[in-house]
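Chemist: Okay, these came from TrEMBL:
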- A:52-86: repeat 'PPR' (REPEAT)
- A:153-187: repeat 'PPR' (REPEAT)
- A:254-288: repeat 'PPR' (REPEAT)
- A:355-389: repeat 'PPR' (REPEAT)
- A:390-424: repeat 'PPR' (REPEAT)
- A:425-459: repeat 'PPR' (REPEAT)
- A:526-560: repeat 'PPR' (REPEAT)
- A:663-697: repeat 'PPR' (REPEAT)
Amino acid sequence: MNTGQQIHARILKNGDFLARNEYIESKLVIFYAKCDILDVANHLFCRLRVKNVFSWAAVIGLNCRMGFTEEALIGHVEMQENGILPDNFVVPNVLKACGALVWVKFGRAVHGYALKVGLEGCVFVASSLIDMYGKCGLLDDAKKVFDGMIERNFVAWNSMIVGYVQNGLNEEAIGVFNEMRLEGIELTPVSVVSLLSASANLDALEEGKQGHAIAIIGGLELDNILGSSIINFYSKVGLLEDAELAFSIMVKKDIVTWNLLISSYVQYGQVAKALNMCHLMKSENLKFDSVTLASILAAAADTSNLKLGKEGHCYCIRNNLEPDVVVASSILDMYAKCETIDDAKRVFNSMTHRDIVTWNTLLAAYADFGLSGEALRIFYQMQLEGVSPNVISWNSVILGFLRNGQLDEAKDMFSEMQSLGVQPNIITWTTLIAGLAWNGHGNEAILVFQKMQEAGIKPSATSITCALSACKDVASLRNGRAIHGYVARHDLCLLSPIATSLVDMYSKCGNVDLAKRVFDTVLTKELPLYNAMISGYALHGQAAEALALYKRLQKEGINPDNITFTNILYACNHAGLISEGLELFCSMISEHHVKPSMEHYGCVVSLLCQCGNLDEALRLILKMSYEPDAHIIGSLLAACRAHHEIDLVDYLSKRLLQLEPKNPGNYVAISNAYASAGNWNEVSKVRDLMKEKGLRKNPGCSWIQIGEEVHVFLAGDRSHPNTEHIYAILALLGMEMQFNTEILRS
DNA sequence: ATAGGGTTAG
C-alpha cells in the first residue's frame with residue numbers, strides 16, 4: 001500500500017503526461033482494487049475516460065470480494081453496454097456473484113455467454129460454473145460441467161466436493177473425494193476440509209479420521225480453517241479429547257476455533273469447561289461474537305442458570321448482538337427453560353426479525369409446560385404471519401397436548417399433519433409413544449412403536465427406551481422380549497440408555513434374572529444402570545443383592561445419587577434391615593451430600609416404626625423440612641398399634657383423612673389402629689364415616705386359575721388404584737395383563 | 001475459481 005501510494009503521488013506531481021496516460025490510469029485502478037481499497041478504486045475508475053477490460057475486471061472482482069455482489073453484476077451489464085466483452089477473468093467473478101445471490105437465471109445466461117464466446121475450455125470458467133451451480137443447489141448441472149471438462153484441476157474437483165457438502169449430499173462428496181485421490185489429483189486443504197465437514201455431518205468416524213491422516217501425511221499446515229474442521233469433526237463424532245488435542249497444537253486460532261470448542265463443551269454438558277474457555281478466550285483479547293453468545297445462552301438454558309442467562313442477555317444488549325435471529329432465539333429459549341416464560345414472551349414480542357426457529361422456540365416452550373392452548377395459538381398465529389410450520393412445529397403441538405393429557409387432540413394432530421403433507425419423523429413417533437405411555441396407555445404405545453416400524457422409520461435409541469418403558473408399565477414381558485430381540489439383532493445393546501431400560505423392563509416385568517443377565521453384559525457401567533438394577537432387586541425383595549451392588553458401584557468410583565438412595569433404602573425397608581438402612585441414610589447426608597427427599601424420610605420412618613422406635617421416628621419427622629405425606633403418617637399409625645398411643649392415633653387419623661379423604665385403605669389403617677388399642681367405639685365410627693362417604697373397603701382382588709391362565713377380577717376400572725397393584729403383582733409373577741372389559745364391567 | 005463455528009422438537 002505505502003509504496004503504491006508513493007508512486008501514485010509521484011505520478012500526480014509529474015503532471016498530466018503520466019496522470020492522463022490510459023495505461024497508467026488503469027494500472028492505478030487495478031492497484032487499489034488489489035489492495036481492497038474500494039472507494040479509491042471506484043473513484044479512479046469512474047474518472048477513467050477509457051474503461052478497458054482489465055479495469056472492469058479489477059472493479060468487478062473487488063466488488064465481488066467485498067460482498068457487493070449486485071454491484072458486481074451491474075458492472076458486468078454496464079461493461080457489455082459499453083461494448084466490451086467480458087473475458088475469462090471477468091466471467092469467474094460474475095459467476096461467483098451469481099452463486100452468492102443464488103441468481104440461477106443470471107448464472108445460466110453467463111454460462112450461455114461463456115459457451116458462445118468459447119470460454120468453456122478455461123479451467124477458471126468451468127470451475128466457477130461448478131461452484132455457481134453448486135451454490136444454487138443444481139448439482140446435476142454442476143456435474144455436467146465437471147464431466148464435460150477436458151482438463152480438470154484440483155479446484156474443479158474441490159468445487160464439486162464443496163457443492164455436494166453444502167447441499168447435504170455428504171455421501172456423494174466423500175465419493176468424489178475418494179475418486180480424486182484415486183486419480184492422483186493433489187489433495188489440498190480445501191479437499192480435506194470438505195471431507196471433514198461431510199464426515200462430521202454423517203458421523204462417519206473412519207472417513208473423517210482418514211481425512212485427518214491425509215492432512216498429516218500431505219504435510220498440510222494446521223491453520224485456523226483446517227484445524228477448526230478437525231475440531232468440528234472430532235466434536236461431532238463425540239471424540240472430545242481428540243478435538244482438545246487438535247486445539248492444543250494449533251498455532252493460529254481465531255474466534256471460530258474457540259467457538260467450536262465452547263459449543264462442543266456445551267453440547268456435551270460440560271458447562272464449567274465451556275465457561276472456562278470463554279475466560280481464556282477473553283484473556284487472549286478475543287471478543288465474543290454472536291456464536292459465542294448462542295453457546296453461552298444454550299448452556300444457561302440447559303442448566304436452568306438464570307443468572308448466567310441474564311448476564312448473556314445483557315452482553316448481547318451492550319454489544320448489539322440482539323438483531324441476530326439465532327441469538328434472539330437463544331435468549332428466548334433460555335428464559336423459557338429457566339421457567340420464566342413471561343420474559344420469553346416479552347423477548348419474543350420485542351423481536352423485529354422472526355424466523356421459523358423463533359416461532360418454534362416459543363411454541364416448544366408452551367408445549368413443554370403442557371400449555372396446549374397457548375401452543376396452538378402460537379401455531380395458528382405463525383401461519384397468519386406467513387410462516388408455515390415445519391415438522392418441529394407439529395411435534396411441539398402434539399407434545400403440548402400429550403403433556404396436558406389430551407390424547408385425542410394429539411392423535412388428531414398426528415393425522416392432520418400427514419394429510420397436509422408433513423411426514424412425521426422419528427421424533428414425532430417417539431413423542432407419541434412416550435406421551436401414550438405417560439398417560440397410562442402403555443399397550444397403545446407399544447402398538448404405535450410397531451406401526452412406526454411398518455411406516456419404514458428405523459427406531460432410534462430414545463424410541464426404543466420409550467417403548468421399553470411402556471412394556472414395563474403394562475408388565476408386558478412378551479413385547480419387552482421382542483424389543484430386546486430387535487435391539488440385539490441391531491447391535492444396540494451396548495448403548496447404555498437402552499441397556500438401562502432393558503434392565504428396568506425385565507425387573508418390572510418380574511424377571512430379575514434376565515435383568516441381571518443384561519446388566520452383566522454391559523462393560524462400562526454407569527450410574528443409571530446401577531440404579532435400575534438396584535431398583536429391580538429392591539422390588540423383588542432381594543436386599544442383600546441390592547446392598548452388594550451399592551458397594552460395587554462405590555468401589556468403581558461412581559458417586560451414588562438421590563435415586564440410588566431411594567432404591568436402596570426401599571430395599572432395606574422391605575427387608576427390615578434396620579441398622580443398614582439407618583447407616584445408609586446418615587452416610588447419604590454427611591458423605592454424599594444428598595438432600596433427603598420425602599421418599600427417603602418415608603423409608604427411614606417406616607424402618608424406625610418397624611422396630612418400634614416411634615419416638616425416634618417422630619423426632620426425625622420434626623427435623624425434616626416437608627409436611628409428612630400419607631405414607632409417613634401411615635407408618636406412624638401402624639407403629640401406634642404396638643404403643644396404644646391414643647392421642648397420637650387421633651391426631652394422625654385426622655391428618656391422614658385430610659391428606660387422602662378418598663383412599664379406603666386409610667380408613668382401614670385407622671380402624672386397625674383403634675382396634676389394637678381396644679377402642680371399638682372409634683372403630684365403628686370410622687366404618688360409619690366410610691359408608692357416609694360412599695367408600696367401600698378395598699376388595700383386593702379375587703382370582704381363579706384355569707390351566708396356565710390366571711383370571712383376575714378387579715373392582716373398578718383401569719384408573720382405579722387397585723389396578724396398579726394388580727400390575728405389580730402380575731409383574732412379579734412374570735405375567736402379562738390382558739384386559740377383558742366386559743368381565744371388568746360386570 | 002474452491003474451505004471452518006451458533007438457535008427450535010422426543
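Note that Cβ sites are derived from N, Cα and C of the backbone, with glycine treated the same way.
Predicted automatically and left uncurated, TrEMBL annotations should be read as such.
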Chemist: By Cβ distance under 8 Å, which residues at least 6 away from the ends of the repeat 'PPR' (A:390-424) in the same chain are close to it?
Modeler: 356, 359-360, 363-364, 366-372, 375-376, 379, 382, 431-432, 434-436, 438-439, 441, 455, 457
Chemist: Do you know the DSSP helix, strand and coil residue counts for the repeat 'PPR' (A:153-187)?
Modeler: 26 helix, 0 strand, 9 coil
Chemist: Counting each residue once, how many in the repeat 'PPR' (A:526-560) are helix, strand and coil under DSSP?
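Modeler: For that range the per-state counts are 26 helix, 0 strand, 9 coil.
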Chemist: Restricting attention to the repeat 'PPR' (A:52-86), give the mean pLDDT.
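Modeler: Taking every residue of the repeat 'PPR' (A:52-86) together, the mean pLDDT is 92.
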Chemist: Please list, for the repeat 'PPR' (A:663-697), how many residues fall into helix, strand and coil according to DSSP.
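Modeler: Split by secondary structure, the repeat 'PPR' (A:663-697) comes out as 26 helix, 0 strand, 9 coil.
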